[in-house]
Amino acid sequence: MIIIVTGTPGVGKTVASKKLSEALNLNYLSLSQFVIENKLYTEYDELRQSYIIDEDKVKEELEKIISTSHLVIETIYPSLVSTADLVVVLRKNPFSLYNELKGRGWADIKVAENVEAEILGVISQEAREAFKDKVCEVDTTEMSTEQILNKILNKQCDGPIEWLVDTKVQRFLEELDKIISSYENDI
């Protein structure tokens, strides 16, 4: 069995993935750690404080593990995983997510790009394109780890979640775009 837990940074993937793997007695794999430990990246982006992954190498190495294991895979790149029985996309209210990421001390550009990705449903869309009806979206806003885990185990999906129906979120997106645009010369 392969379960992918995905979503933008700050939505609760790590804790939920680890708890889910324990509850189902499956191995846990953080794809980010896997990439770093196996040097499956091409460079480090100083501005975003992130590694640029080598997608082909990641897919190749991941395939070796998937073919012989039962896993919960935590990732922001669901389409790099070739197969899954369930794909859980964790979502979070953009205002709450913004505060979470700012609290981590991340650069403004990194916060803005990740919150924008959440608002636009970038990871959700990627998951749906790759895995169609195997996708379950869960809104983690103001939920405990136990509540999130119960929703996943009971396949109580909230999605698809559309943040842009809220005019406050639309205005927030415009503000995020201004932040991102201010870095255009650095990108």
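Glycine residues also receive a Cβ, built from the backbone N, Cα and C atoms like all the rest.
With GLY10, GLY12, LYS13, THR14, VAL15 listed by Swiss-Prot as binding ATP, the candidate from ARG104, ARG128 annotated for that site turns out to be ARG104. Among the ranges 30-53, 150-173, the stretch that Swiss-Prot annotates as region 'NMP' is 30-53. Residue ranges 70-80, 92-102, 103-113 are listed, and Swiss-Prot annotates 103-113 among them as region 'LID'. Sorting each residue of the region 'NMP' (30-53) by its DSSP state yields 7 helix, 10 strand, 7 coil. Neighbour list (ARG104 (ATP binding site), Cβ cut-off 8 Å, at least 6 residues apart, same chain): GLY10. Restricting the average to the region 'LID' (103-113) gives a pLDDT of 95.
Those residues noted as binding ATP (GLY10, GLY12, LYS13, THR14, VAL15, ARG104) have their most widely separated CA atoms at a distance of 16 Å. Excluding GLY10, GLY12, LYS13, THR14, VAL15, ARG104, which define the ATP site, the same chain contributes PRO9, VAL11, ALA16, GLU100 within 8 Å (Cβ to the Cβ centroid), listed in sequence order. Under a cutoff of 8 A between CB atoms, and with a sequence separation of 6+ in the same chain, the neighbours of VAL15 (ATP binding site) are THR145.
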